[in-house]
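J.: Right, I'll just put the structure down here and ask away after.
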């Protein structure tokens, strides 16, 4: 079905930042999608907006993108994505901006799915896209997402490991988030319940205290619900790295590369972490590989390390630098490129973690992307409207799939 018209507008993310929303209209349907925005962006990601900002991005869409995509058949997967690369002509979408690219890519896929009478996840992944990902949720926050006021580690995460269904998995994380507040108040009675960009609690406590509270809460809730719950961290180490050492400002500690490796290894052993994301800065493939070799049974995951880039994933795969990879379509600019990144990761046996951004929107597209890509894990927070939009959509997808669906396992 041909695209009859396209439109673009400014809207706001859940953090109040400006982003773009794109509409794609066919004869029978109008589909919309928006670009999320990250707070900690890898140096190797696509450009979010052209150098001149959002107005330049909108002008580029109207001048370069709109005339070229009108008339394209959205029922053909990724045909619009190919055209976006053609009209921009740069590897990092420097002319139109990655925000325009991913919003257009998402909206076109939505229109394509509607034209064929398919849910978006089936349009992306085909008839055998039936696996629901495990939800990985941010319970306690620090680092950049908490403006440097909480723990130095950026995220303290919970993940149900053996839930019977997606609803139970999501419910487990919600209960952990709620009850973690009680644990926080025991060590900081003055905490007023502040949350960060991703809806995680932001107390002024140490990383070890955060992990202790999370572990105790996860064990308590898991026992009640009858689900084994793992915990993990997103260190976001690139934001701690000053070029020579990792600076933990709130702890008052600096660690060299070897000290960082031993520090992370000790946390894994002490708190039985099942998930560790970005424990080293984005160019330190060697330390990633060493940690992965020591903990092959854990998910050692690269985000800033890989930035959803097939070339970097291939390099890391050859070095055995990780056991999992974060997939953020907006990091690379289109669903087509993200699909290539997933395929590359699978070549090296890496597990897929489809992830939101800290400045996300109310759109539920990511839930379909995760199922369509066959991701083992979806990282999309626990609380906040832009987070629950994705989680609630996973519940609906689970109902749609019925007995044909199954939920992922990572161990």
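Each Cβ is built from the backbone N, Cα and C atoms, and glycine gets one as well.
Those TrEMBL annotations? Automatic predictions, nothing curated.
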J.: Which candidate from 178, 182, 186, 328 does TrEMBL annotate alongside 154, 357, 358, 379 at the (2R)-2-phosphoglycerate binding site?
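T.: Candidate listed by TrEMBL for the same site: 328.
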J.: Going by the Mg(2+) site in TrEMBL, where 234, 277 are listed, which of the candidates 293, 297, 303 is also part of it?
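T.: Checking 293, 297, 303 against TrEMBL: the Mg(2+) site match is 303.
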J.: I want to verify one value. Collapsing DSSP to three states, which class is residue 357 (substrate binding site)?
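T.: Reduced to three states, the DSSP call for residue 357 (substrate binding site) is coil.
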J.: Around residue 379 (substrate binding site), how many other C-beta atoms are within 10 angstroms of its C-beta?
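T.: So the number of other Cβ atoms within 10 Å of residue 379 (substrate binding site) is 31.
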J.: Given the Mg(2+) site residues 234, 277, 303, which other residues of that chain have a Cβ within 8 Å of the mean position of their Cβ atoms, reported in sequence order?
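T.: Near the Mg(2+) site, the remaining chain residues are 154, 155, 235, 236, 278, 301, 302, 304, 326, 355, 379.
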J.: Here's one to test understanding: among the binding-site residues 277, 303, 355, 357, 379, whose C-alpha is closest in space to the C-alpha of residue 198 (active site, proton donor)?
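T.: That would be 357, the closest of 277, 303, 355, 357, 379 to residue 198 (active site, proton donor).
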J.: Of the binding-site residues 154, 234, 303, 358, which sits closest to residue 277 (substrate binding site) by Cα distance?
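T.: Minimum Cα distance from residue 277 (substrate binding site) across 154, 234, 303, 358 lands on 234.
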